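**Q** Not my notes, these are from TrEMBL:
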type	residues	note
ACT_SITE	HIS256	active site, tele-phosphohistidine intermediate
ACT_SITE	GLU327	active site, proton donor/acceptor
BINDING	ARG255, HIS256, GLY257, GLU258, SER259, GLU260, TYR261, ASN262, ARG305	substrate binding site
DOMAIN	29-248	domain '6-phosphofructo-2-kinase'
Amino acid sequence: MDIPSPLETTKRKVAHSDQHGFSVFPDQVRVPNVIVMVGLPARGKTYISKKLCRYLKWTGFKTKVFNVGEYRRTDANAADAIHGANASFFSPDNADALKVRTEAAGRAMEDMADYLNSGAGAVAIFDATNTTKFRRKTIIEFCKNNTLRCFFIESVCDDPAIIDSNVTDVKVNSPDYKGLMSAEQAKEDFMNRIENYKKQYEPIEESEDEKLSFIKVINAGRSFKVHQVQGHVQSRVVYFLMNIHLLPRSIFLTRHGESEYNAMGRLGGDSPLTEDGRKYAVALGEFFEEESVQNLRVWCSQKVRAAQTAQYLRPEMHAEYWKALDELDAGICEGLTYEDIQQRYPKQADDRAADKYHYRYPSGESYEDVVSRLEPVIMELERQANVLVVSHQAVLRCILAYFYDRPLSELPFIDIPLHSLVKLTPRAYHCDSTIYKLDLETGEWDETSAQLPLCDSPRD
């Protein structure tokens, strides 16, 4: 069936974990999952693979991409010139090249099985064209023999504009061509490569195997076809794929201006802004007056200090107030300083220092909990155009870890100073990051193109 709109989000169950107390990630993946990409070249398979891998890792699933093209290029028996930088290498009549490609796929599959069966990972993404029924049958049999659950993602595209954009923006810079051909030569050769693949392409059909689990992503997400989705991971994959797009857009992130509790070194609470915090709020409004970002939407936490920070933005920006964007709940430690916590609850301070991501404040939250409640926010950020998020340190750390593709172990330590603004510009395979820091004395913004570093103090 064709499904034109995204699935509704669902809440995840919370279960007990012996290692970290209560966790939103119980033993969800008893059978490891292999996600198999299918489609002609320049259909966005690697783009989907990388985005999906980032999302699954952020939500707590150990995930890795196995790109067959990279295995092909690292074969010691041949140079790039005959390993891909020539369309004839991909001709169905080239028996020698077919042998090389088959061996590369075999090595990738063996590494994938080792990764999953060793317990090192829960999900593997097999990134290759996999355009024939024979190749897909081979993968299915391999997964059965290794007790792995298999799910196919076929990217189908017949829109010439999308294909041309993908070839021009991404493929001509492929390692297959870099330093070997001009951009024009590379584009011409790659289009010939596509024609060679078309000669042998067999799209996935339900008749291929009634029990086959797959989703077809048609013309970069304009429509979808879903069949026999099984298990939690596959459901999450479908949910995610129905929300992503690659339209030009910018995402702005900022903490609220300095609050009275910030000035006192106290956690949480709902205190108003200080004089410096109000200066930042005014400067933030002026910044977006000058930037003139088209159709900018403002998402704000429901805390007083965040609402006050957003109050000088233009009314037509239509600020929306999200409970999900509220700061991490420090439970019994709300309103205390870190010194107070060390003195009153030394065991809690030690537990937090030992595992900051999983540590949950008594009657409060952990970073892991915040990631869970932010998942609908991330889905909306993937779907929307230009957005400004006015929130808090812990929340923005979780969002930045997603777009920066940082491991969960680093997430609680991303340094997000007060009175700074982060501009994220999602690209095909990465995310550009620009940092603007306000000098309160001069009212000037300092601009740097970089990701935010990890903080010096592991406590904050």
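All residue numbers here begin at 1 and follow the chain in the order shown.
Here the Cβ of each residue, glycine as well, is placed from N, Cα and C on the backbone.
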**Q** Over all shown protein chains, what is the count of other CB atoms within 10 A of the CB belonging to ARG305 (substrate binding site)?
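**A** Taking all protein chains shown, ARG305 (substrate binding site) has 26 Cβ neighbours within 10 Å.
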**Q** What's the number of neighbouring CB atoms sitting within 10 A of the CB on SER259 (substrate binding site)?
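**A** Around the Cβ of SER259 (substrate binding site), 26 other Cβ atoms lie within 10 Å.
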**Q** What mean pLDDT does the predicted model reach across the domain '6-phosphofructo-2-kinase' (29-248)?
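**A** Overall, the domain '6-phosphofructo-2-kinase' (29-248) comes to a mean pLDDT of 90.
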**Q** Which ones in the same chain are close to TYR261 (substrate binding site), with CB under 8 Å and 6+ residues apart in sequence?
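**A** Listed in sequence order, they are LEU267, GLY268, GLY269, SER271, GLY335.
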**Q** How many whole Å apart are the CA atoms of the residue listed as 'active site, tele-phosphohistidine intermediate' and the residue listed as 'active site, proton donor/acceptor'?
**A** 11
**Q** Looking at Cβ-Cβ distances, which residues of the chain lie under 8 angstroms from the residue listed as 'active site, proton donor/acceptor' while being 6 or more apart from it?
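**A** Listed in sequence order, they are GLY268, SER301, LYS303, SER391, HIS392, GLN393, ALA394, VAL395.
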**Q** Count the Cβ atoms, other than its own, that fall within 10 Å of the Cβ of HIS256 (active site, tele-phosphohistidine intermediate), considering every protein chain shown.
**A** 28
**Q** State the count of C-beta atoms found within 10 angstroms of the C-beta of GLY257 (substrate binding site), not counting that atom itself.
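**A** The answer is 29.
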**Q** At its widest, how many Å does the recorded substrate site span between Cα atoms of ARG255, HIS256, GLY257, GLU258, SER259, GLU260, TYR261, ASN262, ARG305?
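**A** That value is 14 Å for the farthest Cα pair.
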